[in-house]
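What Swiss-Prot says about this protein:
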type: BINDING; residues: 490, 496; note: Mg(2+) binding site
type: DOMAIN; residues: 557-616; note: domain 'KH'
type: DOMAIN; residues: 626-694; note: domain 'S1 motif'
């Protein structure tokens, strides 16, 4: 990498973009500083000197949000950054996906890409800057990489597509799309949307790709100028004799028939049996290099299984479980399984099963997101768990990993649009999807299960959502698109394209591929095939429960709203929160007050809510001129008495207004605690109230 500082500039969505090399992190294999508006990201790429054993490419992408980038000090006792937030993990996955397919086949060196956000401008996406930075750090390094790539954010506002919309524009956009790729094709898509059509989504993807081409050309100019020297990578050649023998043995032992079975475990056992028999033919304890031979045999076997699965799909149009390319596995749904949960749904598709459980909470139970942008209160959460038993395995039980965080977020994106607004449904909603069985498409099963749970809970959703995962097998110049892929098709195919939506349109998509990229024709066909599959699944779900239940669970908290004048908020809260805490302690409710004066009152019992409402009404109640009140004597002075019209509001009853005749002392007529009927006669500009008992006596006369 060049050690002399160079700066390259262009425009990106009408904002300045510059890439700097040669000044920072010079001991990394490659490093660039990306400046986009006021956003600054340092991206580095480093590779190990020696390859790792195994048949997996060890790529690690990190995205680090430094709180100083937004002028903030981290919360918590330690006051420093800790484990990455979910949003940072999702961004790291977003960058990983378009980059991973572009390393040479067989490359096994550890590669780590670290993106440090040093300055964050909310209107100049640090995430997209980090994606370009990752591509450039690899491109200017000596690491073999078949890039560059670029990514953009696409919005859809008033029928117009917008590149990298601002925070303000995102609030009114019907689409939040991240698309990435190289000059010739798209290779990553991630989106949340409000029921947009397949055509609108397709146009958005390729609108974004036009900008990607320009950004790739900009990067290529930098690469051509710097002329980085790349480490030559020569894939290890296989032993032709061993490969020929393994191929003959697997064919002889019936690999084709071993693959063709509906049951996942039976298929795995069939393939393992052939593997054991073939490996036994090569075992030689006296050969010191026998372990290497066995490893090569297993690698060849894996490739033969992959090739046979792909051949059957591409040539015979038959899938491992016997389905046609556009056929969905058997479906089964159930709701109301858990009596004490607020809502539950069990969704089964073939050998994939998800149990989604919903909990309703008060508005105060929202999740506070304190990242580099403004604080966000999230009142809808979807969490995804993938226990070991779901695939028949054992292992340690750990905190959610990147995959679980990613699948949970995808489900959240798919369902967020259908969650009713606060004014219509003043609750915090949390759904947990437990994957009980997995043979592919578990994230989409969790979306279907969550829709069932929402309707079972009585949440007035805008429309039910279903999700489906599409696959792809390319062979020579032909391709086959698969509906509802299972685990083997995901692992051995070329694409995992998840599409979720309602009857009217798409609410979320996510696309990962293992080939260089996809053409418009393939994506268009996949979207249409997904639409047909999605409608089939929706129809099945509606046979189980066709609309949200009319009432919430008896065990769900009750939440009611009331509105007060904003200037009365301080009266309800009281000095240092004294008054609101008194209300909570007395009634046992949860209170949430918005700046516009909306108050959410939550409790398990209606009487508790009613009592809290009464107290708040008394506090915020205003005296009216001409209104008559039964007032209580609170304080006596020489010039009159202060009476309480209602809790929190006193009035002055002047000594001259107590009786028709002249009195010398208030105590001659009234004492503390007495009740007297008074009429409000005046409220001055400072809110002070004057009252009269005499006016009522005159009226009686």
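Here the Cβ of each residue, glycine as well, is placed from N, Cα and C on the backbone.
Keep in mind that what you see is a predicted model, and the values were worked out from it rather than measured.
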- What is the total of other Cβ atoms whose distance to the Cβ of residue 490 (Mg(2+) binding site) is within 10 Å? 17
- Tell me the Cβ contacts of residue 496 (Mg(2+) binding site) under 8 Å, same chain only and six or more apart in sequence, or just say none. 469, 470, 471, 485, 490, 510, 511, 512, 513
- Query: Where DSSP helix means H, G or I and strand means E or B, what are the helix, strand and coil counts for the domain 'S1 motif' (626-694)?
  - Reply: 7 helix, 36 strand, 26 coil
- Note on the structure: DSSP assigns the residues of the domain 'KH' (557-616) as 32 helix, 16 strand, 12 coil
- Structural state of residue 496 (Mg(2+) binding site), classified by DSSP into three states: strand
- Task: Tell me whether residue 490 (Mg(2+) binding site) sits in a helix, a strand or coil according to DSSP.
- Result: helix
